[in-house]
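Notes follow once the structure below has been shown.
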Amino acid sequence: MTKILSEMQRAEKGIIKQIRGGKELLARMDSLSLYIGKEIELVSKQSKRGPVVVKLGNTQVAIGSGIAQKIIVDVK
Amino acid sequence: MNILLIGNPNVGKSVIFNRLTGVDVISSNYPGTSVDYTRGFLSISGKRHQLIDVPGTYTLEPTCKAEEIAVELLKEGDVVINVIDATNLERSLNLTLQLIKQKIPFVAALNLFDEAEHTGIFIDVEKLECILNVTCIPTCALTGVGISKLVNSLEEVKVSDFDFDNEDRWNTIGNILQEIQHIKHKHHTFLEALRDYSIKPVTGIPILLIIMVLMFLSIRFVSEGIIEHISNPLFNSLWTPVLGKLSALLQNNELLSKLLFGEFNTVLNYETSFGLLTTGLYIPIGIVLPYVFSFYTILALMEDSGYLPRVAVMMDTTMHKAGIHGLSIIPMLLGLGCNVPGALATRILETRKEKFITATLLSIAIPCMALQAMLFGLLGSYGYKGLLIVFTTLVIVWFIVGNILKHTVKGTSPEIFMEIPPYRLPYFKGITKKVFMRIKWFIKEAIPFMLFGVLLANVLYAFNILHGIEKVASPLFVHCLGLPKEAVGVLILGLLRKDLAVGMLIPLQLELNQLIVASVVLAIYFPCVATFSVLIKELGIKDMLKSVLIMLITAILVGTILNQVLNLI
């Protein structure tokens, strides 16, 4: 089942399927090793429009809600 | 030879730099501590080489300012030390492969090697060397393990001949990892559990509140303890006798003794006498320094443990109300110690809008420790009421001004998008070094301005220069703010040092309400000279003038309203 990252539930895991953004966003995501095919886990969500925190491998990354809406994840 | 230290943010480059050169660089446990770069020297078998600590970067295709600087610096380098985070090989190797693609000669330092093994990550270094065909050395910068080996390896640095398809980089990395990395599943450690609890809103926000309250209480407790048990006794038992002898010597020179000792007849009052050697030294060293010391010690613990980025995430929604994102909390927190490092830290922000709003809010509503210390002394004697009103007003002003700026300043504020480092136990030497450097900085900044301020105050009074200014400004002060016209002089001196200005309020014998209005206006109307000069550099003159205009208008408006409201109650 695919979901937008900002709609994932806590502790849900999934694989990044699509990034709906321009070159710049793709480059920034890529630099933090958020690429298509990468497995991530949602660690926490702040308020409704707050940032999400995802776990990838051994690190965690905070992603603002606007960016999180552009990331499509294949949820397990 | 120019040697560059290149690696992801927050992998210990600055600690390695300190190890290699002995030059002091501040390192912290959050990305972006070194937006600036530092140069130092190290010698290898008798020859001196320049070492450059490049700001952390995830990629050679820059996506932000720190990364642009990094790529620019790459052109200056002859060889590179690629600092790899052993706990995070995948992301680190991404940069390593980019170095290889650009045919840059390098050696790899696998830093945090011990931490990796602790978390159950085992790396076959020899195999990695075989695959990449460059020297790879496991290091632990904090303890110094592997550093001498790293230095020796610099004598012979080669370009890797590893070949791969750039489009397929992540797959290539995945394949390498399969061969060299072995991960043992371990049970959740305490730090990992803490990592989760401190970022979930349900548990994270209460934790944040508790930490903030503890921070505030311990700063007051420690500082007041130092003042009462160390600085006051020292001043009274050591400095007062010296002053007594000096004043006996200068008995005949009225002007000079007034300048040096101020007004004191029988009993010396360090806070109100206003001489260069009395108040001029007592306020910065006796009162403010203890506060600055305890503030920066506690802040350093928060920085090195890795808690600050979590604060940034949790504060993100709140900060958005002012048109800035969570990372702006870092300049704000630093500014609570001294506005100067706060102003310098606006550099970690990317757009003009963010910088402008953060700098303006910092100057308006973030009182530095020096100002706070004096306010605690001045208003604290009336109980908590005065302090509560002053700080609540500043918080409200922060939100209102921030919200107005959010909607009026042109430009964009990017969203938060940052790595959250793991918790690490702060190490003693790192903390003491950082606190020591910041205190050195404070003393260098504070004492000259303080002495100059006291001198200027005495000259202005001696030659009646203030009277003219007081006359012009008195309608505003008396009618709008409800303050006596003598307070004009206080605000003028506040441009130099705000703590000094609060000290000048004491002899005016104001009522509590007037003290509250004066304190708030003093906090808002203008940054001190030192902060001002840093902000001119960071924002440019034009934006700084706009910012100052906003500060002055805010100060008058807030002061007037507060005066009216307090008189009604």
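Keep in mind that glycine also has a Cβ here, set from the backbone N, Cα and C atoms.
Predicted automatically and left uncurated, TrEMBL annotations should be read as such.
Segment annotation: TrEMBL labels transmembrane segment over residues B:322-344 (candidates B:69-91, B:92-114, B:322-344). Highest Cβ pair count under 8 Å relative to the transmembrane segment (B:322-344), across stretches B:204-222, B:281-302, B:356-380, B:386-405: B:356-380. By the Cβ criterion (under 8 Å, sequence separation of 6 or more), the transmembrane segment (B:281-302) is in contact with the transmembrane segment (B:446-466), since 3+ such pairs are found. Proximity of distant same-chain residues to the transmembrane segment (B:204-222), defined by a Cβ-Cβ separation under 8 Å and at least 6 residues beyond the stretch ends, is recorded for 197-198, 290-291, 294-295, 297-298, 302, 307, 310-311, 314, 376. Taken together, the residues in the domain 'FeoB-type G' (B:1-160) have a mean pLDDT of 87 on the 0 to 100 scale.
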